[in-house]
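Features reported for this protein in TrEMBL:
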- 190, 197, 200, 206: [4Fe-4S] cluster binding site (BINDING)
- 39-188: domain 'HhH-GPD' (DOMAIN)
Ligand code: SF4
């Protein structure tokens, strides 16, 4: 199947069935989303959503965060992964937002990446979700699912290579949505260890299903038939 056809299947299916996908992180403004995305590194959105209400009640603006020390922040985020580092990042992030950006979340990837704890993936999420720009944040789900579906070549071995490939092929207006489509499909259907292919509506054109899963289904039957200890004997 040609790549253009795969991308057509991908956008057709998801625009029809999930026309308005959204992030599962809870937030009320760009600052709150930024804090939540920084906390979500190596952590589930569900767990982040459990800690952000109390954290943001205590530190409702960048100025509040700027006045805090990592030790002030730590107790609010101790239940998520890497709380020491993230407490340091949030304190530094608050200071930089207050001192250099007048308390506003910047709108460019370059400026966002200057903030402590903000890498390219986080910056892409912010410009995509807050400013609806055609930026593709590649996390573990986006990376895995786009490879399995055959949207990106095997040579795309880094998040940046995957990002460039997806951005090159997906229509600009759909890129912010495609980010959520790939994440949600990876989170609930095309999960890492045992993709739920039996429940997946994409088997008809999924490369991994065609090349790996469909063949695996045949192997056990053959091996049972050949086995001298088989119950079939
Ligand atoms: S068919 Fe299987 S491998 Fe392919 S996208 Fe669906 S769940 Fe993932």
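Counting begins at 1 with the first residue displayed.
Glycine residues also receive a Cβ, built from the backbone N, Cα and C atoms like all the rest.
For the binding-site residues 200, 206, counting C-beta atoms within 10 A of each C-beta gives the highest total at 206. Counting other C-beta atoms within 10 Å of each candidate's C-beta, the binding-site residues 190, 197 are led by 190. Secondary structure from DSSP puts residue 197 ([4Fe-4S] cluster binding site) in a helix.
Report note: the [4Fe-4S] cluster site is defined by 190, 197, 200, 206, and the residues of the same chain whose CB lies within 8 Å of the CB centroid of those residues, excluding them, are 148, 189, 195, 196, 202, 203, 208, 209, 213. Under DSSP, the residues of the domain 'HhH-GPD' (39-188) split into helix, strand and coil as follows: 98 helix, 0 strand, 52 coil.
Annotation note: residue 190 ([4Fe-4S] cluster binding site) sits in a coil segment as assigned by DSSP.
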